[in-house]
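One structure is given below, encoded as structure tokens.
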């Protein structure tokens, strides 16, 4: 007879880093009796979630996709950002057959190359250096008409920081002697991931038909006008730059974001023949629509950089060992706790169940800082009490999503809501003899103001993240841990040998 599972719960507090600086630190300011008690009574420490420790360039802040990939893989996963940057440096990028093939088709027919992407040095969804390289590639291969449709950031970068990025691309086009920025729009519209199709349609119509709320002679003038309307980068409304540019039949369209989750909705509008989420005024017969990476196996668009496969990630290895698992999150982070945590796999593993709790329908999450955390917690407590699962993996979105708003008071409320939820999980586990690991994927909410500019700090950080063991074992947290060490730690607690593919090592050692 098999023993009843007493679940091991991995609690991922998204965007919940650690900083010893109390100023503008929502975690420090929050009333969080549960978290404080756990830190005082349970084995705890800090682990790294940024830079080379997660497969990103040195000094690069972590993000949710990267964090969950590393958490689930049990090894450092070298990220698409790093792969693309290396290919540009090595020159391989300029010979990439998917990119060159798309450009050559357009050039051969005397047509245009349209480059879409987040124009930012944030490095979370894209990097401006990649957009520069794409413009250079198009020019090298003879494209005369090169148009950049720039999505502005202000979320993974300071809220009003797009000027330098626009100047970089303007200078690039001037140096090439061809090409220009054709449109501006905030990522709030172009990069939605919560089925707000009215936002996506504004971006689609701007790119395809140059349908804009505002026009400007230059991109910098368009940005200045948006700031005058009190629109920060993320929220810049559809702005046509210069003469109208449309996506015509035979043009090539290349989406230069390397992160998938916020590239899917707009891509679907471009490539799905039976798309019904909004009425497309026109669907051009493009020579090619390319994604820099694979945005989804279900989206029919070639990827310039195909996904690298990861074998024996935590979910797969649990399934092979007959263990049951539950993945749960609200909409904003559901892809992270499923697709990314599973190493880029869409389908559940055998014995894996998933629960999606809808995120609240508010314009920005400072308006509802608790988000759907109470509802997520209801379902977790229920699952713990049922004792059906060996492992439960939950993501709480609040620290990251409310942190991104830059509203300090709301961020404090988000942390306090999380504290209540964690307390409910710990109490439920105590009743059944379960255990938990509490950690985060990257920092955010611990720094809510930019100390240099005084602006709201809406981006992620490079701070370490907490790691707390909740249970009865006599263990301690070793130093030097990284996100890739979390899965091997879980396997050790479950009494399973880690697979050879997992190069991480347990963060917990005997006390």
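Note that Cβ sites are derived from N, Cα and C of the backbone, with glycine treated the same way.
As annotated by Swiss-Prot, Mn(2+) 2 binding site applies to 14, 64, 441, 442. The C-beta environment of residue 442 (Mn(2+) 2 binding site), restricted to residues of the same chain at least 6 apart in sequence and closer than 8 Å, consists of 14, 15, 17, 49, 50, 61, 62, 63, 64, 66, 67, 400, 460, 461, 465.
Sequence annotations record features per position, and here Swiss-Prot assigns active site, phosphoserine intermediate to 64.
DSSP gives residue 156 (substrate binding site) a coil state; it is part of no helix or strand. For residue 156 (substrate binding site), applying a Cβ distance below 8 Å and a minimum sequence separation of six or more within one chain yields 61, 63, 120, 122, 123, 124, 125, 458, 459, 460. Per Swiss-Prot, substrate binding site is recorded for 125, 155, 156, 187, 193, 259, 260, 261, 262, 333.
Taking the Cβ of residue 400 (Mn(2+) 1 binding site) as centre and 10 Å as the limit, one finds 28 other Cβ atoms among all the protein chains shown. What Swiss-Prot records for 400, 404, 460 is Mn(2+) 1 binding site.
Listed binding-site residues: 125, 193. The one with the lowest count of other Cβ atoms within 10 Å of its Cβ is 193. For the binding site of substrate, formed by 125, 155, 156, 187, 193, 259, 260, 261, 262, 333 according to the record, the largest Cα to Cα distance is 17 Å, rounded to a whole number. Surrounding the centroid of the Cβ atoms of 400, 404, 460, where the record places Mn(2+) 1, the chain contributes additional residues within 8 Å, namely 14, 15, 63, 64, 155, 156, 399, 401, 403, 442, 444, 445, 458, 459. Across the structure, residue 441 (Mn(2+) 2 binding site) and residue 404 (Mn(2+) 1 binding site) are spaced 15 Å apart at their Cα atoms.
Rounded to the nearest whole angstrom, the C-alpha distance between residue 404 (Mn(2+) 1 binding site) and residue 260 (substrate binding site) is 19.
Taking Cβ-Cβ distances under 8 Å and a sequence separation of 6 or more, the neighbours of residue 260 (substrate binding site) in its chain are 65, 293, 294, 295, 296, 335, 339. Sitting within 8 Å of the Cβ centre of 14, 64, 441, 442, and not among those site residues for Mn(2+) 2, are the Cβ atoms of 12, 15, 49, 62, 63, 67, 68, 333, 336, 395, 400, 440, 444, 460.
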